[in-house]
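Chemist: Would you mind keeping the following structure in view while I ask a few things?
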Amino acid sequence: MYLKCPKMVSEPVFRDGFASSTMGKLLSKIFGKKEMRILMLGLDAAGKTTILYKLKLGQSVTTIPTVGFNVETVTYKNVKFNVWDVGGQDKIRPLWRHYYTGTQALIFVLDAADRDRVDEARVELHRIINDREMKDAIILVFANKQDLPDAMKPHEIQDKLGLTRIRDRNWYVQPTCAAQGDGLHEGLSWLSSNCKP
């Protein structure tokens, strides 16, 4: 007389993708590839989509105002940045909060030459970072359009955006010119050095 053993399951069973995502994170740590979820926001016409595609394609592309979002993966120095570029028109901004969950870093793009709208940009930036879903996100401000006359420099921007009052997280202002690609990779380097996996 012998007992019949139940058939062994040769493939693991995963619930809610937990094991597979855990395995992916483990493999990333072993092989050194880091992945980051980035949310890129800012007022309309600040240059968000131009930045995204300059990073992705290495060239400037003609853009139209983003209604909705663009998402692209940009790899830089062994880091995969999953970048969500969401439209910045005032009627779209209430939808931004639907993109907050899981965000590790905020890239806030500012048209540094648009002095008339810097107060509006400050209000929107603080609305974003004061949301509980964004409490752990670090902040990179791309001070874009530095090639234009009278563009604000980083020290002026950090003052006008109220960044010096932020004490609960890392932030950085990187001057950029999206059309030429100036400053973009320096910003990604800062993100990869300061973002927790």
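Cβ atoms here come from the backbone N, Cα and C positions, even for glycine.
Heads up, TrEMBL stuff is auto-annotated, nobody curated it.
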Chemist: Among GLY87, GLY88, GLY183, which residue shares the GTP site with GLY42, LEU43, ASP44, ALA45, ALA46, GLY47, LYS48, THR49, ASN144, LYS145, GLN146, ASP147 according to TrEMBL?
Modeler: GLY88
Chemist: What are the non-local neighbours of ASP44 (GTP binding site), defined as same-chain residues 6+ apart in sequence with CB under 8 A from its CB?
Modeler: PRO65, GLY87, GLY88, GLN89, ASP90
Chemist: Fewest other CB within 10 angstroms, which one of the binding-site residues THR49, THR66?
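Modeler: With the binding-site residues THR49, THR66, fewest surrounding Cβ atoms within 10 Å: THR66.
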Chemist: Long-range neighbours only, meaning 6 or more apart in sequence with Cβ under 8 Å: which ones does GLY42 (GTP binding site) have?
Modeler: LYS48, GLY88, PHE108, VAL109, LEU110, ASP111, ALA121, GLU124, PHE142
